[in-house]
Amino acid sequence: MMASHCWRLVRQPCSVPRQNGVPFTCPAALLRRFRAGNFFSGIDSANLRRGSCVSCALSSPNRGDGLPEDGIPRIIISTGANDKPSTQASRRRASSSPRNLSSATEALAGQRSAANMESPPLLARSPTYTTREALRGPHEPGPPSGFKWEYLVALCTLGVVICYADRSNMSTAVLPMAQQFGWDKAYQGVVLSVFFGGYATTQILGGKLADQYGGKMVLAAGVALWSLFTYATPAAAAAGTLPLLLSRVMLGVGEGVAFPSIHSLIARNVPVHNQTTAVGIVTAASYAGTALAFGISPLIISNFGWEWVFYSFAGLALLWLPLWLPIQTVDKFQPQVAAPPAAAGDVAAEVAVSGDGSRPWALLRRREVWAICVAQYAQSWGMYGLLNWLPTFFSDFYHIQLSDLGSYTLLPYVFQGGLGAATGFLADYLIRSGWRVGTVRKILQVAGMLGPAACLCLAVSPLVGASASLASGLITLGLGFSALTLGGVSASHLDVAPRNAGLVFGAGNTAATLAGLVSVPVTGYLLQTTGSWPLVFGITAFHYVAGALVWSLWSGDRVLPEDGGGQRSEAVGS
């Protein structure tokens with residue numbers, strides 16, 4: 001039965017079955033096809049090649065074009081002396097064996113065999129970092145003289161700390177502001193969430209500008225803009241609803257370009273085998289900025305008033321910009337030289353090219369990019385919900401005083417930041433050690449979403465009771481789990497679209513922003529109408545579980561064809 005199945009396969013016309021655009025017209029290609037399909041499992045392939053007589057009907061006594069009478073080239077396999085063709089046409093085709101070919105034809109057959117043996121297998125292994133390393137051509141100019149990527153990452157990290165401190169201070173300041181201006185829970189939710197409306201508008205735009213022109217000045221402009229409106233927030237709150245909401249929107253507009261421009265800079269200026277480490281450090285800085293705001297804001301409010309939370313944090317930009325502006329960065333990938341056209345009869349030149357880099361918007365239709373967007377949305381529903389409502393949760397659910405909130409809201413983000421930075425090192429170490437990129441991304445992301453789901457449900461369960469310390473410990477553990485995603489979705493855009501990393505990250509962060517735009521006011525509405533924190537945390541846990549499922553099914557780890565760069569397909573193996 002096995003022999004008859006193989007016979008049906010090889011009786012097909014040679015022009016039908018193809019691998020990477022190459023017809024199966026040579027022994028090695030045919031053999032590799034069988035091996036990939038497990039047709040010859042357990043058979044020594046070397047003995048099979050020596051004992052097989054594989055011939056192509058290259059000539060015919062009745063035709064001058066080198067084809068049989070019916071014009072269809074065929075491949076005949078003879079595996080034994082007793083296997084005799086039953087028809088006269090078959091005997092004529094079998095007579096055209098490699099022993100009867102001319103020396104020129106034998107040389108061409110040998111070249112084709114060697115070329116096909118070197119091409120990647122049909123079931124290629126998942127890549128490590130080889131694909132992304134192939135983007136950097138041998139003639140591409142390196143970073144400026146004296147450039148150190150560690151210094152760039154350090155300044156980006158400091159910029160993210162300032163970014164998250166400026167956005168998180170409102171979460172604590174809203175408590176005394178609500179008392180002074182008479183805001184209810186629903187209105188507090190609007191004030192907290194309208195920031196995300198502005199934040200969503202510049203994610204993709206900022207990423208595209210950074211990919212095209214460089215991320216340095218895009219980030220500098222964002223820092224200047226959001227710091228200005230942070231400083232203006234107290235005056236806007238005193239002026240009324242419209243000025244306050246406008247200042248919050250403009251704060252989001254400025255901060256929206258931060259992460260897309262930083263990730264574009266990482267893709268171009270950080271060595272490939274250190275990029276997940278850089279992503280982990282920079283993203284962990286967001287937790288450090290949140291911890292800074294949650295830890296210092298209560299002290300500033302208690303001693304100087306809530307207005308000084310905004311004044312002092314806005315002034316941090318004056319320390320950062322003089323350090324940032326003098327540095328020099330690589331702003332663009334050099335265009336790759338296209339593969340040479342295939343010469344006549346040269347099968348080795350027929351390699352798959354991933355694209356010309358002219359279709360970045362087509363990336364947004366790929367399921368690998370949608371996996372990033374869905375995972376970002378799902379985990380940000382919980383991240384932004386906790387970010388904005390965690391002080392209120394401990395104040396309402398466990399009746400913690402404002403002056404004591406720092407000890408409960410600070411620790412989760414400190415732990416999350418430390419573990420997040422370590423996760424970047426861990427992911428790069430595992431991949432350099434031989435783990436597949438896709439395996440590392442899936443394990444870390446799924447663990448980083450199911451862990452927080454379980455911890456949040458426990459934090460409001462009857463098992464905890466009235467223990468604020470135990471609830472804080474569970475939330476701390478849950479946020480620690482979520483830091484594992486820094487080795488998952490937070491670095492996936494560098495795997496699938498390194499040339500358009502800013503754009504793809506902007507798309508994912510837009511989805512994350514929409515989660516914040518929806519989750520924060522929905523949480524405020526639910527608390528206003530039901531007062532149920534278990535319901536709020538249960539909805540958050542559902543988002544985590546759904547996001548983990550989608551990620552495990554759709555995420556990818558290869559450079560997508562739409563990303564361009566002229567990489568050859570053989571670079572995907574490790």
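Glycine is treated like the rest: Cβ placed from N, Cα and C.
Check TrEMBL against the ranges 3-24, 25-46, 245-266 and you find transmembrane segment recorded for 245-266. TrEMBL assigns the feature transmembrane segment to one of the listed ranges (146-167, 410-431), namely 410-431.
Proximity of the transmembrane segment (369-390) to the transmembrane segment (218-239) is not established, fewer than 3 Cβ-Cβ distances being under 8 Å for residue pairs spaced 6 or more apart.
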